[in-house]
Amino acid sequence: MASENSDSQETNSTSLVEDSLNISFKNLGYTVRNGLLSRARKTILDGLSGSFNAGELTVIMGHSGAGKSTLLDILAGYTKPTSGSIYENGRIRNERMFRRKSCYIFQDDKLIETLTIKESLTIAAELKLGNHISASQKRQRVEQIIMSLGLYAVENTKAGNLSGGQKKRLTIGLELVSDPPVMFLDEPTSGLDISVAKKLVNLLHLLARQGRTMVITMHQPSLSLLQMVDRLYAVVAGKCAYMGSVPLLLPYLNQLNLPDLRCLSYHDPVEYLIEISGTYEEKLVEKSKNGSNNCWVTEATDSPILERPKLLRITSTNEEISLTLLTAPKENSTNKIILALKSTYSTSFWKQFITLTRRSVLSTWREPSFTLTFISIHGFMALFIGILFKNVGEDVEKVRDNYNFLYFSLMFLMFNAFSAVSIRFPEQIPVTRREHFNRWYTTGAFYASTLLSTLPIQTVCTLLYSILVYWMTGQSPNLIRFTIFIFTLLLVSYVSLCMGLLNGSIFNVKNGVIFGPLMIMPFTIFSGFFLRYRDAPYFFRWMFQISFLKHGLVGLVLSVFGMGRSNFSCPKIFCYYTYPTQLLIDNHMDKEEFTLAIGALFAISFALIATSFVILKIRLKSKW
Ligand SMILES: Nc1ncnc2c1ncn2[C@@H]1O[C@H](COP(=O)(O)OP(=O)(O)OP(=O)(O)O)[C@@H](O)[C@H]1O
């Protein structure tokens with residue numbers, strides 16, 4: 001990335017950000033249950049107070065486990081505090097409205113790796129900027145961000161191929177599209193080397209200087225980073241050990257008059273504070289009045305080490321950060337009020353749904369290996385099964401083989417649809433969590449677009465397999481039977497896809513692989529293949545009704561052996577299955593009806609969609 005070469009430019013000292021927000025909080029407390037069954041509670045944050053101003057870069061620092069991320073979660077509105085109040089510009093904040101004016105970038109935020117910088121930003125603009133902003137204004141905004149964040153040289157590079165620093169800048173750029181006056185970033189410099197971290201903090205400093213309230217967490221900012229920090233908020237064991245400007249930290253520490261430790265002027269004061277915070281926790285908390293002591297706070301503009309807003313340009317051969325190019329997207333005030341009253345989203349459900357579906361299709365197009373492998377597996381298996389069960393369809397002596405073939409086809413399509421979604425769906429959750437929290441789109445729009453964008457490939461694969469095996473296994477050349485056969489397999493693969501969505505909305509990829517087969521097992525056992533309905537214990541029979549594999553098997557068996565199929569020709573004196581109905585009787589399917597089986601498959605898929613949607617909604621709201 002860029003080598004630093006500070007070429008400073010003066011900029012307008014007035015805030016470029018409309019609706020600047022100062023945030024303050026009083027007596028914030030957060031406790032959690034010690035264990036699931038325990039009544040005792042563990043205190044994570046203990047009555048903290050503080051204030052973070054617009055135009056300043058504030059760093060929440062402290063030991064690992066001190067409570068920095070929890071405090072940031074609460075301030076961003078991601079977690080509800082158990083006590084205390086949060087204010088914006090001195091008034092109790094309205095959570096819903098605040099979410100429209102702020103963004104939260106989580107630690108290790110993920111990006112859609114297959115999309116280029118320009119594509120990612122364009123989609124962000126589509127989702128985050130309302131219809132009242134014209135397409136050309138949106139394009140202009142995307143270009144501004146690319147230029148401002150020094151991403152021009154890599155604008156057509158896929159996010160997956162970017163360096164750590166470029167990825168962080170892209171994540172910031174995605175949120176900057178809608179120009180939120182408040183930005184929270186959890187550990188933005190983690191995983192970056194010091195020079196890249198310095199450039200990133202510099203960028204955050206510049207963004208703050210444009211009038212934004214920038215709040216970030218860091219374990220221990222180094223001396224070189226401190227020059228760009230306006231306010232430090234030190235957390236120790238859930239309490240505040242210091243809130244104030246960087247230059248005043250040294251006098252603050254010296255005033256503590258600690259018995260055996262003197263803070264020498266050449267010492268890194270932050271390192272010193274971290275060092276003593278464990279031992280002198282009480283003294284520090286008392287002195288800072290748990291964050292409510294404002295004596296050590298100076299306005300950023302009064303700070304002796306910080307000059308009035310200057311924009312640093314970080315230059316290299318091809319990357320240059322210059323925020324002078326970044327102006328607020330123009331929104332007229334009437335539109336703003338309408339948007340504020342209407343909802344917390346800038347765009348309608350349909351706009352979100354269409355944009356997300358487009359993004360999904362683009363992403364799949366960019367990485368065709370999965371699609372091609374999926375299609376190949378279906379084609380290959382169809383040929384293999386076609387050869388293995390060649391012409392069993394008209395052979396009276398192979399009726400049982402034909403029945404086994406039908407069941408295998410169900411299982412094959414079910415497992416493929418289920419596994420593919422179970423793996424791919426949870427991979428999207430980290431990206432979706434940030435975007436959903438930052439009000440890009442509703443859970444409904446995301447869920448509907450995911451469902452819709454997985455259907456075409458599933459349909460193509462199922463059709464490929466079904467048509468090939470129907471022909472190769474020599475089933476009846478009757479259009480109605482053929483249609484019912486295909487339709488049943490399509491429905492079963494769609495229900496399996498919904499099962500995969502359910503599995504993926506509950507578990508991450510690793511657990512999904514372990515628990516997925518367990519989830520499928522009851523449907524397999526009660527499919528009617530291994531155990532017939534009338535042979536099952538009475539109290540287990542309801543399981544057959546909810547087994548989509550049972551209804552799928554009924555649909556397939558009826559399409560091949562039911563609906564008044566004419567008798568098989570028997571080359572011997574006696575053939576057990578001369579009458580196709582014999583197979584239906586043997587498997588207790590003689591009273592089954594195709595329409596009921598199809599109705600049940602629809603009902604089961606709706607139930608699965610509703611359940612996984614509710615679980616996804618809960619999951620996106622929590623840290624799960
Ligand atoms: N929901 C929870 N249940 C139990 N303990 C929790 C919960 N949330 C946070 N904690 C605990 O609270 C403490 C503070 O966590 P937090 O993530 O805020 O720390 P941190 O300062 O951000 O640490 P790090 O820098 O390592 O991320 C930790 O000990 C953590 O284990």
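Glycine too: its Cβ is placed from the backbone N, Cα and C atoms.
Heads up, TrEMBL stuff is auto-annotated, nobody curated it.
Since the structure is predicted, the reported quantities are computational estimates derived from the model, not experimental observations.
As recorded in TrEMBL, the features of this protein are as follows:
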type: DOMAIN; residues: 23-262; note: domain 'ABC transporter'
type: TRANSMEM; residues: 370-393; note: transmembrane segment
type: TRANSMEM; residues: 405-425; note: transmembrane segment
type: TRANSMEM; residues: 445-470; note: transmembrane segment
type: TRANSMEM; residues: 482-502; note: transmembrane segment
type: TRANSMEM; residues: 514-533; note: transmembrane segment
type: TRANSMEM; residues: 594-616; note: transmembrane segment
Restricting to CB pairs under 8 Å, which listed stretch, 370-393, 405-425, 445-470, 482-502, 514-533, is in contact most with the transmembrane segment (594-616)?
482-502
Counting Cβ pairs closer than 8 Å, which of 370-393, 482-502, 514-533 has the most of them with the transmembrane segment (445-470)?
482-502
Remote residues contacting the transmembrane segment (405-425) - C-beta distance under 8 A, at least 6 residues beyond either end:
370, 374, 377-378, 381, 385, 389, 392, 450, 454, 458, 461-462, 465-466, 469, 473, 489, 492-494, 496-497, 499-501, 503-505, 507, 509, 512-513, 516, 520, 524, 527, 529, 549, 552-553, 556-557, 560
Note the mean pLDDT of the domain 'ABC transporter' (23-262), expressed as a whole number.
90
